[in-house]
Amino acid sequence: MKTNLLNYDLQGLTRHFADMGEKPFRAKQVMRWMHQSGAQNFDEMTDLAKSLRHKLNEQAGIEIPKLMMSQKSSDGTRKWLLDVGTGNGVETVFIPESDRGTLCISSQVGCALECTFCSTGRQGFNRNLTAAEIIGQLWWANKAMGVTPKNERVISNVVMMGMGEPMANFDNVVTALSIMLDDHGYGLSRRRVTVSTSGMVPQMDRLRDVMPVALAVSLHASNDEVRNQIVPLNKKYPLKELMAACQRYLVKAPRDFITFEYVMLDGINDKAQHARELIELVTDVPCKFNLIPFNPFPNSGYERSSNENIRVFRDILQQAGFVVTVRKTRGDDIDAACGQLAGQVQDKTRRQQKWQQILIGQQG
């Protein structure tokens with residue numbers, strides 16, 4: 001079986017070429033060809049000796065996930081469904097803004113966590129994505145979006161906020177992050193790459209030590225009682241532990257704050273008392289808040305908070321001195337908005353089956 005070189009960051013690629021008896025600079029050449037030029041085969045790499053290209057063709061490959069579907073929203077948001085084999089597909093989303101282009105990348109086929117308000121969580125879980133399948137999403141998006149009139153890449157920011165919990169696929173995510181940041185890869189700044197987590201505390205500490213990019217935490221509740229219900233991981237790592245981990249992360253973080261993501265669920269977590277509890281909860285954590293109006297999906301059981309409740313909630317936080325943004329709903333007409341990504345998941349957890357039985361029972 002041929003080795004997929006897309007699975008390697010520069011360090012891994014250098015080791016691979018050393019094993020082939022080649023000098024380290026070959027790794028940099030090949031990395032630039034793959035990620036900066038978008039090369040899909042070794043014959044395109046004209047500055048490599050023919051003998052090396054022949055050897056690479058025999059022993060290795062550049063295997064990129066195949067494109068299954070591409071959609072474009074009325075607001076310019078783009079969504080791609082990529083084939084990762086055995087009937088599974090993952091989604092990646094490009095969100096254009098006036099000052100940046102952000103790509104939202106998936107890390108797993110489905111998600112092993114069961115956040116109750118998330119469409120991906122309802123799909124169950126199949127497996128972790130390889131580093132090649134993660135970075136392949138950025139490869140595809142760069143190819144599709146091209147460059148600006150100034151010859152700059154359209155994609156300037158990456159957020160690991162697609163399907164899956166990135167921290168649960170730690171090693172492959174870190175390899176992909178390394179490629180994103182490498183000057184021979186995509187050359188992104190650590191400040192422009194964000195990893196989102198539901199609160200896997202040990203992995204947050206590991207990421208701080210090996211790849212401290214910007215961090216977003218899917219908080220969604222101001223107390224353990226509510227968070228236990230909607231983010232079951234909280235039962236393992238309750239809010240006190242999570243806040244302490246956030247403080248530790250900031251020691252090495254590229255930004256001097258944590259972004260707390262907070263989906264606004266009508267009657268669940270959107271009252272004024274919840275906002276005041278939040279202020280108390282994050283007292284010792286430099287942070288900003290990103291309030292996310294819930295994006296409905298079929299049979300979710302939740303409703304989006306009213307605009308008035310969101311406004312009051314935001315105002316309470318702002319009056320306490322916090323930077324607060326209310327996320328614009330983007331791409332919801334193609335199910336590309338936050339919490340709507342589902343892809344195609346061959347579920348190994350029977351979670352899809354469980355939810356179908358619950359819905360049948362409710363209808364009966």
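Placement of Cβ uses the backbone N, Cα and C atoms for every residue, glycine included.
Pulled from Swiss-Prot:
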- Cys338: active site, S-methylcysteine intermediate (ACT_SITE)
- Gly164, Glu165, Ser196, Ser218, Leu219, His220, Asn295: S-adenosyl-L-methionine binding site (BINDING)
- Cys104-Cys338: disulfide bond (DISULFID)
- 97-333: domain 'Radical SAM core' (DOMAIN)
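Annotated features taken from Swiss-Prot, shown on the structure.
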residue	record	Cβ contacts under 8 Å, 6 or more apart
Cys104	disulfide bond	Thr92, Val93, Phe94, Ile95, Val159, Met161, Gly162
Gly164	S-adenosyl-L-methionine binding site	Ser106, Ser107, Gln108, Val109, Gly110, Cys111, Ala112, Thr120, Asn128, Leu129
Glu165	S-adenosyl-L-methionine binding site	Ser107, Gln108, Cys111, Ala112, Leu113, Thr197, Ser198, Met200
Ser196	S-adenosyl-L-methionine binding site	Val159, Met160, Met161, Pro166, Leu215, Ala216, Val217, Ser218, Glu261
Leu219	S-adenosyl-L-methionine binding site	Arg227, Phe260, Glu261, Tyr262, Leu278
His220	S-adenosyl-L-methionine binding site	Cys115, Phe117, Arg227, Ile230, Val231, Glu261, Tyr262, Val263, Leu265, Asn269
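In this entry, S-adenosyl-L-methionine is bound by Gly164, Glu165, Ser196, Ser218, Leu219, His220, Asn295, whose most widely separated C-alpha atoms sit 19 angstrom apart. Neighbour count (other Cβ atoms within 10 Å of the Cβ, all protein chains): 24 for Asn295 (S-adenosyl-L-methionine binding site). In this view, Ser218 (S-adenosyl-L-methionine binding site) is surrounded by 24 other Cβ atoms within 10 Å of its Cβ, with every protein chain counted. In the three-state DSSP assignment, the secondary structure recorded for His220 (S-adenosyl-L-methionine binding site) is coil.
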